[in-house]
Amino acid sequence: MRQEKDSLGIVEVPEDKLYGAQTMRSRNFFSWGPELMPYEVIRALVWIKKCAAQANQDLGFLDSKHCDMIVAAADEILEGGFEEHFPLKVWQTGSGTQSNMNVNEVIANLAIRHHGGVLGSKDPIHPNDHVNKSQSSNDVFPTAMHIAAVISLKNKLIPALDHMIRVLDAKVEEFRHDVKIGRTHLMDAVPMTLGQEFSGYSSQLRHCLESIAFSLAHLYELAIGATAVGTGLNVPEGFVEKIIHYLRKETDEPFIPASNYFSALSCHDALVDAHGSLATLACALTKIATDLSFLGSGPRCGLGELFFPENEPGSSIMPGKVNPTQCEALQMVCAQVLGNNQTVIIGGSRGNFELNVMKPVIIYNFLQSVDLLSEGMRAFSEFFVKGLKVNKARLQDNINNSLMLVTALAPVLGYDKCSKAALKAFHESISLKEACLALGYLSEKEFDRLVVPENMVGNH
């Protein structure tokens, strides 16, 4: 162990770790739970430190030597392999200050080590005076939250969602001529095609994609430059424009300064809104997974309209059983995301005066939702949807047995006669055609001309 000193006194820190006294204090006092600060947030914080150093150098507030040391250390961390030096939990101060200082300390100590200094000496790089220059945890951490959210959405979720839409579109085309019985209220309805049913799923997800893409606009707004309460105290003129320039260059994302710094610190409506779009996606995916589970139920004693891909044995006691496991896994993912949404909403509501103090739990749940949905959609698309096949014989049997084909006769016979024919067929367990013939409503030839399921599916 080595000894480091902060404003409260001496702290012992593991000799081989790059973090310092403030990180160690957080480890000592906030050690519960397995949930670490997401590394996406750590990467975003490192980007901010690198870009802040460059901005401060450009403005003459940091000399080139110190800037180069900070940039070199940041780049090395961004290359990977430093995860063990960022051990802090989500459950810490609500401003994220401890994680901000964790990053400051690691960058400073890495730079010190590279230049032959003593870890924890703060010489020649000081974690506050140099690495955190022109910044406050109160504006740095929300900036990191937005950067992490944008990059996760664009690199993970949006590609996975787009992929699932394309997989569903392929099934729309594959199933376009497979006529089946539609269902409303879980009961038999009029005919449609399986392709039409899948087009509804694809449309749902397209709307979700549009909503998520729209939510990015406010996530591009960054709080950096607000410092402690939004007034920009201790921020040199021109700093915001400079650091935003470097962040855009570093991330290749169109970040802009927040339109209002006071709201940027005190609330996280942009993340609440964006996660609301993720919750909508979870609702849509739950509906789709549930429908497909039921459509393939059986295989002999259920609906049985779809054949599931045989990925793994479904039961430890019943041989030969194949279950909709991907559907169930995705439904659990969606349940978690909907729970996360409530946490994000509650967290967003805790903006006490000038600072929201639930920042870590908001971004933790947001990023978990992105990861779960992204991975869940890819697995569901690849291992389930792509392998779905139609049970054409079952579709035809259902059509032949459906009483709702009587709807096609309503313009000819009227509602009352059609109801009587359908009820007669149901109560006597005969076909609709047999009921119409027995009642003398139509001849067999007339019935066959009027009741053609393929002509009842429309052009949608």
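Even glycines carry a Cβ here, placed using N, Cα and C.
The feature substrate binding site is assigned by Swiss-Prot to 95-97, 126-129, 136-138, Thr184, Ser316, 321-323. According to Swiss-Prot, the feature active site, proton donor/acceptor maps to His185, an assignment based on sequence analysis. Here Swiss-Prot flags Ser315 as active site. The site 'Important for catalytic activity' annotation in Swiss-Prot covers Glu328.
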Residue pair Glu328 (site 'Important for catalytic activity'), Lys321 (substrate binding site) - Cα distance, angstrom, rounded: 15
C-alpha spacing of His185 (active site, proton donor/acceptor) relative to Thr97 (substrate binding site), in angstrom: 52
Conformational class of Lys321 (substrate binding site) under the three-state DSSP mapping: coil
Cα-Cα distance linking Ser95 (substrate binding site) and the residue listed as 'active site, proton donor/acceptor', given in Å to the nearest integer: 48
Packing count at Asn323 (substrate binding site) (other Cβ atoms within 10 Å of its Cβ): 16
Cβ neighbour count within 10 Å of Pro127 (substrate binding site): 28
Sparsest-packed of the listed binding-site residues (Ser95, Ser137, Thr184) - C-beta count within 10 angstroms: Thr184
Three-state secondary structure, Pro127 (substrate binding site) (per DSSP): helix
Candidates His185, Lys321: member of the recorded positions with the richest Cβ shell (10 Å): Lys321
